Amino acid sequence: MTDSHVPHPESPAVEEGEERPHRRIKSFVMRAGRMTEGQQRGLDQGLPLYGLSLTDAPVDFDQVFGRAAPRTLEIGFGMGHSLLEMAAAAPEHDFIGVEVHSPGVGALLNGVLTQGLTNVRVYDCDAIEVLNRCVADNSLDRLMLFFPDPWHKSRHHKRRIVQPEFAALVRSKLKVGGVFHMATDWGPYAEYMLEVMSVASGYRNQAEDNQYVPRPAERPITKFERRGEKLGHGVWDLKFEKVD
């Protein structure tokens, strides 16, 4: 255990009276995981072809994909099953996936290579950094956030990715008419997201009753979701459209 009073040798010392630099609270925790042969193949062969790096200026995705097409960005695609299925089903659309966990990145890219898809690109870094630095304003047709970590404990709610500031950031990146699509299997988090998004300016809830939309056909059902349904667990989808 490291003595918390001893500064890290690579960290600059903070003089008395000097404010420490603000550190943004992240919504994810890095986890180590074993890599399968297929996942390693995805990283080794797929990342050089389809991986993107953080830039200091918005990326020209028309140039990246070699065309102008409807564009979707998914944050936290996990093992990539849904994103892969959606990309294969809609070759006329472009998909940008963001995921920090290497096994998931490798799994998605292995699928991209196996299926010969050309409409997928991947960032393996913090989604907030990607949105702030790489995505131009008013450029996305859809942003998807499926089953984010709900951070159940009250003291951890500040780690939830859906916050008023995040809603505003997403809105700035969507085109007018673009949709922020969220899904969760945790009822209290669904209520929380609905509360945040209902007061976020510039959005319209696409649900007729201003609550939750029926499960959209375009969102694939995962094995985890099927297992939950058998156990009686609910899933809530929210769709908010940018109106101005």
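Yeah, the Cβs are placed from backbone N, Cα and C, and that goes for glycine too.
The structure displayed is predicted, hence computed values, not measured ones.
In the record from Swiss-Prot, residues E74, D126, D149 bind S-adenosyl-L-methionine; the candidate from E37, E92, E99 listed for the same site is E99. Annotation for F224 (substrate binding site): spatial neighbours F147, criterion Cβ-Cβ under 8 Å with sequence separation of six or more. The subset of recorded positions (E74, E99, D126, D149) lying with their Cα within 10 Å of the Cα of T222 (substrate binding site) is empty, i.e. none.
Proximity of D185 (substrate binding site) to non-local residues of its own chain (separation of 6 or more, Cβ distance below 8 Å) is seen for F147, E225, G228, H233, G234, V235, W236, given in sequence order. All protein chains considered, the CB of E225 (substrate binding site) has 19 other CB atoms within 10 Å.
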